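Peer 1: First the structure, which I've put down as structure tokens, then a few questions once you've had a look.
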Amino acid sequence: MPPSCCGCLSQYTHHHLAVFLLTFFSYVLLHSSRKTFSNVKVSISAQWTPSISNDSAQFSPAETWENNRLFADEKQATLFLGALDSIFLFSYAAGLYLSGVIGDRVNLRYVLCFGLCGSAVVEFVFGTLTEWLHIYNVYLYCGLWVLNGLLQSAVWPCVVAVMGHWFGKTGRGFVFGLWSACASVGNILGAFLASSVLKYGYEYAFLVTSIVQFAGGVVVFFGLLTSPKEVGLSLEEATGLGPVETETDSHKPLMSDEEEEEEQVEAYARRRRSAKPQEDPPPEPPQAIGFFQAFCLPGVLPYSLAYACLKLVNYSFFFWLPFYLSNNYGWKEAEADRLSVWYDVGGIIGGTVLGLISDFMGKRSPVLVISLVMAMGALVGYSRSPNDQLINAVILAVTGFFIGGPSNMISSAISADLGRQEALRSSQEALATVTGIVDGTGSIGAAAGQYVVSLIESKLGWMSVFYFFVVMTGGSIFFITPLLIRETRDLWRDRQALRRQL
């Protein structure tokens, strides 16, 4: 049984807190700007398909129709918005595979800040500058969104790698579960910012979020410590509070049994270096693992495929929920934006609670499978939600708990587990690469799904979309099941061994 969460948290320093907050809010700001696009889809669609009743036009309807008409009707605009989502996610997925490898070879702080600030500039051009200059061009929008996906892909592998460097295995499910709420908090912040300025025009929603994101990137550049070594802590002592000169048994480090054994070896090596510094050469930095080596690590492929199915569902809610609430129930766009945050509230609670349960169990897959089975029922229930905002918010939060929670676990705690497993004893620089593979594969599934969602909705309606979500959730269970069988067998063997000892 792992130590209590209070005991784990008591071992952290102010450096851990600073790293936690800076990486947390890095992705909060990124997701808040990303959420802006989904929150203003109705306004963008109206601007791209102008009519006599289009109040957002700044000149006569006839001139508007000639100058910025992109589509003949709303359905065509909706299909293009879905295509933009897919374009973004495909480029995001391709970038994740590359940025994960780069993150293990280049200073993580540089890569992270480049992604944050570069993405903020692109979003400003996409949503604000083009509207101010009345430039409406399909190819320009597609090109900017490809570039935005590539830039944003640099952020997630870096923040997970930094967290993995600072926080050990014990209690990782709870710590990363709490930390992985960054995406949901970003969605809530983005919805709040967008709904607050949407009355002035959708371009101001892009303006506000891009400015805040750029400022956040500057703060991270000057404040983030990517490794415990930067403040005189070794990687092994990062979770034990002890500086390099401190005795290793003065504070018990937050590690697994294998990591504790490695710490003893490192402590012995440090004592030898302090006794004979002139005879020992400087330690060589750990070598980064290759991309295909990381892909073949145990558990990486099944979790990546499961995350592809699950992220498709999760990001469909992310991209289309405000649009669905506005179109299906006739609620105002600002009301739909505010109501959509309850999905993220459920995801925040789900990621933390499920991560904590997985820590106590010592296994991740049983928690995931049970949650995903419940998610299938929640999806069916939400598809039949009545036209009542209170009931809709409650069911939406429950759905977010059982879908967003597992999604957060796979993308954060499980990715960190996979990047620190036994097969990597000879190379500790694999966190960003493994995280990029898992999240990149998930983004490919999400990218393929967004256009499918818009196509199903236009042909068959929203009820068929929810059935599609149920099937994809079942696909996640299918890929995790072999891991569940293996972990259940290991638990049974451990229990039998314990009984024999007693």
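Cβ coordinates are placed from backbone N, Cα and C, and glycine is handled just like the others.
Per TrEMBL, compositional bias 'Acidic residues' is recorded for 256-265. Under the heading domain 'Major facilitator superfamily (MFS) profile', TrEMBL lists 19-488. The region 'Disordered' annotation in TrEMBL covers 242-283. The feature transmembrane segment is assigned by TrEMBL to 12-30, 77-98, 110-132, 138-162, 174-198, 204-225, 300-321, 341-360, 367-384, 390-410, 465-485.
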Peer 1: Can the transmembrane segment (204-225) be said to touch the transmembrane segment (12-30) if we require at least 3 CB pairs below 8 Å and skip pairs under 6 apart in sequence?
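Peer 2: Result for the transmembrane segment (204-225) with the transmembrane segment (12-30) is yes.
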Peer 1: Test of understanding: applying the rule of at least three C-beta pairs under 8 Å (pairs 6 or more apart in sequence), is the transmembrane segment (300-321) touching the transmembrane segment (465-485)?
Peer 2: yes
Peer 1: Can you say which of 12-30, 138-162, 174-198, 300-321, 390-410 has the most Cβ pairs under 8 Å with the transmembrane segment (341-360)?
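Peer 2: By Cβ pairs under 8 Å, 390-410 leads among 12-30, 138-162, 174-198, 300-321, 390-410.
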Peer 1: Excluding the flanking five residues on each side, which residues at least 6 beyond the ends of the transmembrane segment (12-30) place their CB within less than 8 Å of a CB in that stretch?
Peer 2: 112, 115-116, 119, 152, 155-156, 159, 162-163, 166-167, 175, 179, 182-183, 185-186, 189, 209, 212-213, 216-217, 219-220, 223-225, 228, 231, 233, 238-239, 241
Peer 1: Please give the sequence-distant neighbours of the transmembrane segment (138-162): residues at least 6 beyond its ends with Cβ less than 8 Å from one of its Cβ atoms.
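Peer 2: Hits for the transmembrane segment (138-162): 19, 23, 26-27, 30, 34, 70, 80, 84, 87-96, 98-100, 102-104, 108, 111-112, 114-116, 118-119, 122-123, 125-126, 130, 182, 224, 226-227, 411-412, 415-416, 419, 431-433, 435-436, 439-440, 443.
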Peer 1: Compare 110-132, 174-198, 367-384, 390-410 by their Cβ pairs under 8 Å to the transmembrane segment (300-321) and return the stretch that comes out on top.
Peer 2: 390-410
Peer 1: Between the stretches 110-132, 174-198, 390-410, which one has more Cβ pairs under 8 Å with the transmembrane segment (367-384) than any other?
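Peer 2: The stretch with the most contacts is 390-410.
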Peer 1: Sort out the residues at least 6 away from either end of the transmembrane segment (390-410), same chain, that have Cβ-Cβ distances under 8 Å to it, and list them.
Peer 2: 173, 176-177, 180-181, 183-184, 303, 306-307, 310-311, 313-314, 317, 325, 329, 339-340, 342-351, 353-355, 358, 364, 367-368, 371-372, 374-375, 378-379, 381-382, 438, 442, 473, 476
Peer 1: Across the domain 'Major facilitator superfamily (MFS) profile' (19-488), what is the average pLDDT of the model, as a whole number?
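Peer 2: For the domain 'Major facilitator superfamily (MFS) profile' (19-488), the model's average pLDDT rounds to 78.
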